[in-house]
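Asks: Attaching a single structure in structure tokens format; questions to follow.
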Amino acid sequence: MMPQTQQAATAAEPYITPDGRKIGGVLMDLRNITLRFGGVTAIKDISFNIREGEIRAIIGPNGAGKSSMMNVMSGFYIPQEGEVWFRGEKRPQMRPYKVARLGLARTFQNIALFDGMSVLDNIMTGRLTMMKSSLLEQALWWGRAEAEENRHREQVEKIIDFLEIQNIRKTPVGRLPYGLKKRVELARALAAEPKLLMLDEPMAGMNVEEKEDMSRFILDVNDEFGTTIALIEHDMGVVMDLSDRVVVMDYGRKIGDGTPDEVRNNQEVIDAYLGVAHD
Amino acid sequence: MLYREAGDFKTSYRDDSQTFPLKLDRWGYYAALAVAFLVIPFVITDYWANSVLVPFLIYAIAALGLNILTGYAGQVSLGSGGFMAVGAYASYKLATAFPEISILIHVLLAGGITAVVGVLFGLPSLRIKGFYLAVATLAAQFFLVWLFNKVPWFYNYSASGQITVPERSFLGWIITGPQTSASAKYLVCLGFAVLLAWVARNLTRGTVGRTWMAIRDMDIAAEIIGVNPLTAKMTAFAVSSFFIGVAGALLFSVYLGAAEASETFGINKSFLVLFMVIIGGLGSIFGSFAGAAFLVLLPVFLKNVLVGSLGWPTDLAAHLELMIVGALIVFFLIVEPHGLAQLWRVTKEKLRLWPFPH
């Protein structure tokens, strides 16, 4: 197994982007992924990789299999064929909560926040995997329990400041408007300090200003924390501006992979998006 | 205005996350505790202890337990009566087998045994949800009651099939058996209720509580962010059953003194505790107390009004009482489906702006 890893790492030499960010080796490598639901093949033999520090977009028309791909990456779907390599190791089949502990966090296309909890509690859940105190310590609020709570609260407050949601920290999430919910969901994912942050349509249903805010946050997260980001988005303007490399999917196949400029000029991609005359 | 929420600033996260962030609330709480521990024991009468305060405290513990499971972790249970029976029979077996150990410890141990049983019957929750889980826990209710009736070992082969608590004392005070004074009963139950409410609050404000609520609000998202559904649900079942077991043990040993599984711990008990939680407010510690108070006090209050003040015949009053309680439950659920706790929150929010709401 090791030689293959070496090969993958050497194939991707680190480089510096024009705007001065450092792109490292391969963080996640998806090899020949095929996913079927009964007779329907959602993903057909797709391979691509995500490199450390980059913003990697997955685009494609509706039903192309983008969200399924993200579900494979986060361990929610188990592909029938293919391998997921993460940080140089092949990831065995494991439950999603264990995948999360490897350092993957994500947001959902349809917001998946905990409606009954406050914004602060929602973001604190992002750090659950780092909590060490035992049930008894927590029951008696003794030992590590309180210190841990306050220490993680401090980290969470930094994220709250970063995403500018200080004024709603005690509001129940169910009462928030859509745009803010999306931001809280990003905060929860960030609180986990992930190696790879996956955003499934972070800007769906937003107006221009909210999209601008969200784009700024995504760029800042990548820039300040050096977090690798995988992103599904429909707004082409946003995708082309934000991402370093783009994977294009259509009908479960990969039809393009490369920098935004390469993808934009790819004939197959143009056909998929604009339609093509069949004679 | 004496009571106000503004101007009470916090400078540390510790202060900000305490149970009563407002100074006045805190004082009110300490005052209530002081009255409960230092004043009431000296003025309490048998009537007040036996028909009001002791059952209220015991059911509040049971409601706390069920609230942890249903209100915080979102797992519906109709097995509370059965789990209370486990607590009662466990404390009985322990008290008769090890008479030299304090019964207070037996009560806690009985809670522990109930926790184990609760986890066992909670295992189906990994596969089934909602109504189906309710039916599965209903099976626990019927099975446990049947077990305690069928196996004579549980009631020490007594001829009546009943369990009767032996007389035990703590620091020279008799706390179980027919000789127990009203204040001793009350203080034992109050001690457990305050301690367990504090534990419940600690658990629900920290990591465990967040895992439970995450599972309740959206189990798939919870798993994606790293919550292990198995441990989350099983801790909820364990902690909840512990509380309910302690309540069952207290109900038997301190309050009733004698019990018989199907009489005392029938399906009615399960529903009673569930109603307390729903009326009080799901996912609220205060709500558990409010719901228990509502369902314990209301019948007593109605009886006093109907029979005592209006002079109605007792049998007529007894029937009407049931109807009125039922109607009130429906009324409250229509007015505020999230229970008394929510009603209290809404009232506070309204009063904050009163008399100029705009």
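Keep in mind that glycine also has a Cβ here, set from the backbone N, Cα and C atoms.
Curation does not apply to TrEMBL; its annotations are automatic.
Per TrEMBL, the features are:
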- B:27-49: transmembrane segment (TRANSMEM)
- B:56-74: transmembrane segment (TRANSMEM)
- B:101-123: transmembrane segment (TRANSMEM)
- B:130-148: transmembrane segment (TRANSMEM)
- B:236-259: transmembrane segment (TRANSMEM)
- B:271-296: transmembrane segment (TRANSMEM)
- B:316-335: transmembrane segment (TRANSMEM)
Asks: Same-chain Cβ contacts of the transmembrane segment (B:101-123) under 8 Å, 6 or more residues past its ends?
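Replies: That would be 75, 79, 83, 86-88, 90-91, 94-95, 136-137, 139-140, 144, 168, 170, 175-176, 188, 192, 233-234, 236-246, 248-250, 253.
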Asks: Cβ under 8 Å, sequence separation of at least 6 from the ends of the transmembrane segment (B:271-296): give me the contacting residues as numbers and ranges.
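Replies: Sequence-remote neighbours of the transmembrane segment (B:271-296) are 52, 55-56, 59-60, 62-64, 66-67, 70-72, 77-78, 80-81, 84, 197, 200-201, 204, 213, 216, 244, 325, 329, 332-333, 338-342, 344.
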Asks: Please report, as numbers and ranges, the same-chain residues at least 6 past the borders of the transmembrane segment (B:130-148) whose CB is under 8 Å from any CB of it.
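Replies: Beyond its ends, the transmembrane segment (B:130-148) has Cβ neighbours at 75-83, 85-86, 89, 117, 121, 124, 154-155, 261-262, 265-267, 270.
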Asks: For the transmembrane segment (B:236-259), I need the partner stretch with the highest count of C-beta pairs below 8 angstroms, choosing only from B:27-49, B:56-74, B:316-335.
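Replies: Most contacts with the transmembrane segment (B:236-259): B:56-74.
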Asks: Below 8 angstroms Cβ to Cβ, which residues of this chain, lying six or more residues outside the transmembrane segment (B:27-49), approach it?
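Replies: Tertiary neighbours of the transmembrane segment (B:27-49) are 20, 182-183, 185-187, 190, 194.
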Asks: May I ask for the residues of the chain that lie six or more residues beyond the transmembrane segment (B:56-74) and have a Cβ under 8 Å from a Cβ within it?
Replies: 80, 83-84, 186, 189-190, 192-193, 196-197, 200, 203-204, 209, 212-213, 215-217, 232-233, 236-237, 239-244, 246-248, 250-251, 254-255, 272-274, 276-277, 280-285, 287-289, 291-293, 295-297
